[in-house]
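**Q** The structure that follows is given in the form of structure tokens.
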């Protein structure tokens, strides 16, 4: 659009935050939020501001950043992205602290007592920030689990000061925020709500601004009452479990959640009061879709995709084995990415087998558990899912032993359950098995519902297939729509073919447990990555990055 410049784009950015019907910076007319003109102006302004930042111009048009300073403002105020920590060489931080320390699972509203002085190199990062401008702290070349936990520790200390006053009245991303020290920018919207990029000045004495993501989700009046009684949304409870995986060195491929607050009025246009929750999380600067633009050498493309696929299946394995969680919405938009140096390797241990995973510069992050379900009895839900077969113990066991039940619980309105005789298949070789709290289905063998490896829920299959089809293309399993897929090397398409070509039906193959269990699938696909040496973890190897035990003993999770 002709007439747009840095000044008008800055005014447009302010207008969007103040009103859901902002005025056009060109015509002065009110524009519908997320309408075609609104989107066009937003997109063009993003380009203008990005080009201005690249030129070193002041995209904040004035001294907006100076308001965070204590005392007189500096001689000049620069753009947010103009001065980043000047890391000339990637630094890999040894993560022995994260896997050998006595770390406790995440308590509600708090991150951990992981002290920042334990993280080598953080003081050096602070000193390299520009002395007269707020800089954004990026993970790209300093990405490691201890570094993420250190940032979380600082957020915890920050929120301890405000949670008593603002726990149920913190409207950061609303049109009329209740706190003045956050600066927000909307980066995504959907039927679930809004995701915003938020800058907090908690490091202002070091002249560093740390970004984070805030997910605003609408909640009903009944959910609000439950929150007041500390019965939080299910998604946040899942996030709490996910945090424990990061704190205990189980798997790094998840988003770290900092805190949850509630806003009593999320909109200023509706006459009806709209309540929402605001979840503070790590911020990542792109989804898996961004790797389509990556230029990878032809001889490295196969290893590049295999590294990403392994890490995603490792995240699925962590939620399956440890909590019985089915994500139900795996797609490229829900796989965020963190960029690394592209050097070295990680070690993932799954059922006693250590896999050396090459670092190809991308760490996929599984996010958004809004429609996820847990079938574990320890998670508090009453539905334990369909359990059609037993998988014998052993990391290389792909056999599936079907069993039968006599009764089938059926859930009706208001979650009222009635018990009916179980149904047989036409050949009368197996029954439809479902387990529910308080109902004895009379199985033909003893069934341990908490053991997700021996008695996996049937819906585990959905996440396994969705990950493969996300790369090859195809229909989604539980949600409407299609996976667009990637331009893959033929070897990767053939690599994923055994998963993609198997239809989802009611009868399970007898020797393909890897279609349900990510732990078995990783052994089936990546057996050549297993480290068969009996040596200890190579902490002194300069190429070694971090170690994760994806399937730890149950005692480690409950300690």
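Just so you know, glycine gets a Cβ as well, placed from its N, Cα and C.
Annotations for this protein, taken from Swiss-Prot, read as follows:
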{"type": "DOMAIN", "residues": "181-526", "note": "domain 'Protein kinase'"}
{"type": "BINDING", "residues": "187, 188, 189, 190, 191, 192, 193, 194, 195, 215", "note": "ATP binding site"}
{"type": "ACT_SITE", "residues": "329", "note": "active site, proton acceptor"}
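Neighbours and distances for these, please.
**A** Averaged across the domain 'Protein kinase' (181-526), pLDDT in this predicted model comes to 84.
In the three-state DSSP classification, residue 195 (ATP binding site) falls within a strand.
DSSP assigns residue 329 (active site, proton acceptor) to coil in the three-state reduction, placing it in neither a helix nor a strand. Every protein chain shown contributes to the tally, and the Cβ of residue 329 (active site, proton acceptor) ends up with 19 other Cβ atoms within 10 Å.
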**Q** Provide, as an integer number of angstrom, the distance between the C-alpha atoms of residue 193 (ATP binding site) and residue 329 (active site, proton acceptor).
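**A** Distance (Cα to Cα, whole Å): 16 Å.
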**Q** Test of understanding: give the count of other CB atoms lying within 10 angstroms of the CB of residue 189 (ATP binding site).
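**A** Other Cβ atoms within 10 Å of residue 189 (ATP binding site): 13.
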**Q** May I ask for the distance between residue 195 (ATP binding site) and residue 329 (active site, proton acceptor), taken between their Cα atoms and rounded to an integer number of Å?
**A** 17
**Q** So which of the binding-site residues is most packed in, judged by how many other Cβ atoms lie within 10 Å of its Cβ, out of 187, 195?
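**A** Result of the Cβ crowding comparison: 195.
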**Q** What does the structure give for the C-alpha distance between residue 187 (ATP binding site) and residue 329 (active site, proton acceptor)? Integer Å is fine.
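**A** Given the Cα positions, residue 187 (ATP binding site) is 20 Å from residue 329 (active site, proton acceptor).
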**Q** What is the total of other Cβ atoms whose distance to the Cβ of residue 193 (ATP binding site) is within 10 Å?
**A** 20
